[in-house]
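According to Swiss-Prot, the protein has these features:
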- 1-21: signal peptide (SIGNAL)
- Cys24-Cys43: disulfide bond (DISULFID)
- Cys38-Cys60: disulfide bond (DISULFID)
- Cys62-Cys73: disulfide bond (DISULFID)
- Cys74-Cys79: disulfide bond (DISULFID)
Amino acid sequence: MKTLLLTLVVVTIVCLDFGHTRICYNQQSSQPPTTKTCSEGQCYKKTWRDHRGTIIERGCACPNVKPGIQISCCTSDKCNG
């Protein structure tokens, strides 16, 4: 009985993956809000201007960006809203 209980606890911890996933918004500025569970543990919000105006892109991880693009990376759920 103890072995079964211990097995269930271990499986629960592995499945929940404490601290290694993050819920991030993952849409562009013109789209309705959507979220994604990210394995990388970080969210980003990228902002730039072009002929359409200000563009905002959201997603997982923290990508490298070209000059002229602002990026904000964060590590809590839905922090890139």
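Placement of Cβ uses the backbone N, Cα and C atoms for every residue, glycine included.
Of the listed disulfide-bonded residues Cys43, Cys73, the Cβ environment within 10 Å is emptiest of other Cβ atoms at Cys73. The separation of Cys24 (disulfide bond) from Cys38 (disulfide bond), Cα to Cα, is 7 Å. For the pair formed by Cys73 (disulfide bond) and Cys60 (disulfide bond), distance between Cα atoms is given as 9 Å, rounded to the nearest Å.
Here the disulfide-bonded residues are Cys24, Cys79, and the one whose Cβ sees the fewest other Cβ atoms within 10 Å is Cys79. Cα of Cys60 (disulfide bond) to Cα of Cys79 (disulfide bond): a distance of 11 Å. Here the disulfide-bonded residues are Cys38, Cys60, Cys74, and the one whose Cβ sees the fewest other Cβ atoms within 10 Å is Cys74.
Within 10 Å of the C-beta atom of Cys62 (disulfide bond) sit 17 other C-beta atoms, taking all shown protein chains into account.
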